[in-house]
Amino acid sequence: MQVASATPAATVRKAAAGDELSEFFALTPDLLEVANASGNASLQLQDLWWELGLELPDGAAPGHPPGGGGAESTDTEARVRILISAVYWVVCALGLAGNLLVLYLMKSKQGWRKSSINLFVTNLALTDFQFVLTLPFWAVENALDFKWPFGKAMCKIVSMVTSMNMYASVFFLTAMSVARYHSVASALKSHRTRGRGRGDCCGQSLRESCCFSAKVLCGLIWASAALASLPNAIFSTTIRVLGEELCLMHFPDKLLGWDRQFWLGLYHLQKVLLGFLLPLSIISLCYLLLVRFISDRRVVGTTDAVGAAAAPGGGLSTASARRRSKVTKSVTIVVLSFFLCWLPNQALTTWSILIKFNAVPFSQEYFQCQVYAFPVSVCLAHSNSCLNPILYCLVRREFRKALKNLLWRIASPSLTNMRPFTATTKPEPEDHGLQALAPLNAAAEPDLIYYPPGVVVYSGGRYDLLPSSSAY
């Protein structure tokens, strides 16, 4: 029996980065019987599976899962593919609009660009913008039953760009979580130094040092993301399978003494470790430390928004307690949003790793998850790129005000000179009187105030902004 005689088409499942072959599944009841009965058939199917760098499950042959519904299963799978393609286009449109808006607002506001934390926000918007530009390619591929019509060169380019920006996005989210906590600690250290008579130059040098360090860190993040994407640049290629051209990861056999299965499993393992587990650990640690910092600090006795007196003895006022509650909710959103967006896809990828390393057997349940659950997990992971602009920027008052001014200018161009597009921003109304998380004697140093979740605010009008209700 020749493998080419199998009538059902090949099915290729893409992982969250949209760039690698996750599994080549094809199991028909007819060929299942032949594969179990014919040594030659099993050998040829095994050769095809290993040619793709995959492991052929026992008794598997191109088509549908064992006991599958044949044409009914094919129709359901086609509907899923079309739905996933439509979602890709929607995510692409929303991601382009949202991230372009963030980039425009950052470019328009001279004061905002001086902030080290906003440098991370700008780079995050840039990487998400580049990432969603690759989604139309994967949408077309899904709609065409995973056939790749764009050629080998575009396969390599799109695969690497997708992977690099996936890593860069996660790395920048992690860097922002570190920066949020570090800004609080640095501001407190600067305040104590000035308290010893070292002057305002310390605060200025701290700001300049943080800005320079942020630029260096951004460069390192982009370099790390490019390095992590080298396997895509080297091993992404097009291969003809059953007469169809597919874009997939194809590792050489016996590379450095290891077979294709090992390298494909190692490739997936890198994505799980660098793209999920390590960033999640750092993000969770930073925000847990931040919440602990807020809970342990003795806050300046203040008056809340309605004039209620602060708690005596240096304790938290009602307004300060409300502020702490707000930050705690923000941190919860941060961790949960990252966890929920990436967990389903990374869990299925981990399952794939265990199969490739022969830790668990291939099963029909795994096949069904790859066919139906995996595409949904991919969409959920991709949606992160259009959620970031909302969660990081547009929930903040100054960004909403800038957006309102921009829309007003577009709607009334003849009145532009009457209402210029300025960068004036103020803290949220509920933050008045409780925007400082400082030592008890901080009132004597009004030029620098700081409040969670790590935003440094200078009373002279400069703000080191990061939305308190942002995500990641």
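Cβ from N, Cα, C; glycine included.
It is 299-319, from the ranges 5-25, 26-46, 299-319, 446-466, that Swiss-Prot records as transmembrane segment. Going by Swiss-Prot, the topological domain containing Arg79 carries a different name from the one containing Phe367, and the two residues are therefore on opposite sides of the membrane.
The cysteine that Swiss-Prot pairs with Cys247 in a disulfide, picked from Cys155, Cys201, Cys202, Cys286, is Cys155. Of all the Cβ atoms in the protein chains shown, 23 others lie within 10 Å of the Cβ of Cys155 (disulfide bond). Annotation for Cys247 (disulfide bond): spatial neighbours Glu141, Trp148, Phe150, Cys155, Val158, Ser159, Ser236, Thr237, Thr238, criterion Cβ-Cβ under 8 Å with sequence separation of six or more.
Across the topological domain 'Extracellular' (141-156), DSSP classifies residues as 8 helix, 0 strand, 8 coil.
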